[in-house]
Every structure is written in structure tokens, then in C-alpha cells.
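Pulled from Swiss-Prot, these are the features on record:
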| type | residues | note |
| --- | --- | --- |
| DOMAIN | 6-70 | domain 'J' |
| ZN_FING | 151-234 | zinc finger |
| REPEAT | 164-171 | repeat 'CXXCXGXG motif' |
| BINDING | 164, 167, 222, 225 | Zn(2+) 1 binding site |
| REPEAT | 182-189 | repeat 'CXXCXGXG motif' |
| BINDING | 182, 185, 208, 211 | Zn(2+) 2 binding site |
| REPEAT | 208-215 | repeat 'CXXCXGXG motif' |
| REPEAT | 222-229 | repeat 'CXXCXGXG motif' |
């Protein structure tokens, strides 16, 4: 990007936006442009731009300077300098995951990834930290609503990267002189720049522009991997998805990521849940429509309620009303939190159209229809008051 955009425009908020509105906008934009989710060529640049905007607008002092002086008032103030690490901000923002489920070291709620990306990028220089970023993988799977509630075993197929065996992950040919210490940063991976602003001279630490923070320069690429340092490999694993997961939750499977720089990364499974035509979820509670014949509702009897665990038969009391809610305890979503409570299932009674009756049956029913209904009489009494 040739010039910096207005930070409020970047996050899509107004200049009088509240802290909560800024946080909400950042969450949405950061997830949209994260390079491990968005493969567009400019995704990483947009991700950095979003994080820069949030670092300024979420800090009262920086925001005040920005509102007064524009970009010049905050340039060089980013944590780590102009070459600041946007993933540090991302990780600080998306914290607070919860303890895991079966076969998973850790799971993370839809509100954030916690340490999914904390290992992806380090601050200042790349080197081992960028290797860790490449080693960790995110794979999305789709579950039905019922699978998300009761749990399911899934086979996941995905690609990993492994260190090139020829160059051992260096990307350089094995011949002498094919790789050397970076002449620009002397192997540190960073370079120091100074910028004069209206607030004085600000010194910044940036990722080395020559070696991109690696500290090494490759003069002759490896013939096997063509300088990529890794080879791709397709793998397949079976995982037990625990019951109770939420949409956009992330489950961590340790040691199932790529192998880069001699380090094995982790696999993060992104859960996507298909909407149900029968059930809806609020927290750990499940809601379902209970179709009931009006005659059965009047006289009472057995009714069948769909639950994620199967059809459950219940005894309906006589005079059950349309819209009445019947609670089925412990048939909701199982809590995956240590001190959380399991949910219940709430069945909302919905009358169906009455079935067809024979002439004899209608004659018998008509006797009951002619009897006085107190609710109707009360309604008509109120109506007569308004009419007269």
C-alpha cells in the first residue's frame, strides 16, 4: 500500500466509536484477513493494517495523538517499532480459551484462538518464530448439529510441510558458499531506522529488508526444494470430536502439524456447524418444536419429542396449550467447561391441523363444542364493552 489509510476507515468504525465497537470491529477484520485463513495475495498486508489500526485506536493516549496529528502523531510508537508483530496484538486480544476435551490438549471458544497464533509469529525477528508459524496448521471441518452435541469420530485429510531432507530446511544448496550471514543485519534479523516527526526523532526496530528476518542470505538454492526449505506431504488422521463443541471453536491436536526447522507444529481444528432444520441452540440449552394433534393436547397422552440423542416419549397432561414449553432435563448440550452446567431441552408445543373426522365423530365432538368456554365468554364480554 502506497499510503496509510485512515485507521477508523480500516476498522470500519466512526471517529466517535466506543471501545466495545472498536474491539468488535477488530475481531471481525482480524479474523477476515488472517493469512492462515485468507489466501488472497494482499491478506497479510491488510492483516497488519488492521492490527496497526487497533493498536492505536484501543490505546487512549495513542488515539488522542492520532486524532490530533494523524499518522505522524503515532508513527514509530508501535510495540516493536515499524516492524511490529501484528500477531502479538492478535494473540493478546484473542485470549481466554478453555480446558480441552477427549484427545485434545486444548480447545478455544469462538471468541478467540488463545495460543493458536501466539507461536506463529515472534516479535522483532523471524527465524525460529516464523518456522513455528509455518509448522502450526488450521483445518476446518463441518459437523451436523447432532454431531456437535453428542460427539463424533472424524477422519481428517490435510497437507503438512516437512523439512527438505536434502538441505535440512535451510533452502540452500549444500555446496560451499551457497549461504552466508546477512550482510545488512549481520545475522540479527533486524535493522534500526530513524524517522523525524513533529514529536522528535523516533528510532524503530524493523525486520531486515534483505533477509526478511532470517539472518541468512541464500546465494544458491537447493535443487530439491528450490529454496522453499520444505516438501508437502498429505496425511490422514482420526480424531474424536467431543460433544458440546460450539460453532467456530478451535480444537488443538498437539504434534500433528508440519515439521519445520526441526520443530513439529500443532494442528488446530476449526469447527463449523451446519444449521439444523429441527433444533436451535442458546448457550447449552436446545429448543425444538413439538408437533401435537390438538385432540391429544386436550385429552392428554403420549407425545414424541425429537432430541439429539433420539426420539423421547413423554406423557402430556390434559389441556396442554399451544405455545406451552415442556422441559426435558439434561437433554441439552454437555458443558465442556470445568465448572459449567449441562443444558436442558425445551420443547415448544405447536398444534397441527386437526385430522379428518367421520360424520359420527363430528356429531359427538359437536356436543363438547356447544358447551360454554369461560375464556371465550370473557373475551366477548370485553369486546362488547368496546363495541357498545
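From the backbone N, Cα and C atoms, a Cβ is placed for every residue, glycine too.
Feature map: annotations from Swiss-Prot on the structure.
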| residue | record | Cβ contacts under 8 Å, 6 or more apart |
| --- | --- | --- |
| 164 | Zn(2+) 1 binding site | 171, 222, 224, 225, 228, 229, 230, 231 |
| 167 | Zn(2+) 1 binding site | 173, 174, 222, 224, 225, 229 |
| 182 | Zn(2+) 2 binding site | 189, 208, 210, 211, 214, 215, 216, 217 |
| 185 | Zn(2+) 2 binding site | 191, 208, 210, 211, 215 |
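Two recorded stretches are said to be in contact when at least 3 C-beta pairs lie under 8 angstroms, sequence spacing 6 or more; the repeat 'CXXCXGXG motif' (208-215) and the repeat 'CXXCXGXG motif' (182-189) meet this definition. Taking H, G and I as helix, E and B as strand and the rest as coil, DSSP gives the repeat 'CXXCXGXG motif' (208-215) the counts 0 helix, 0 strand, 8 coil.
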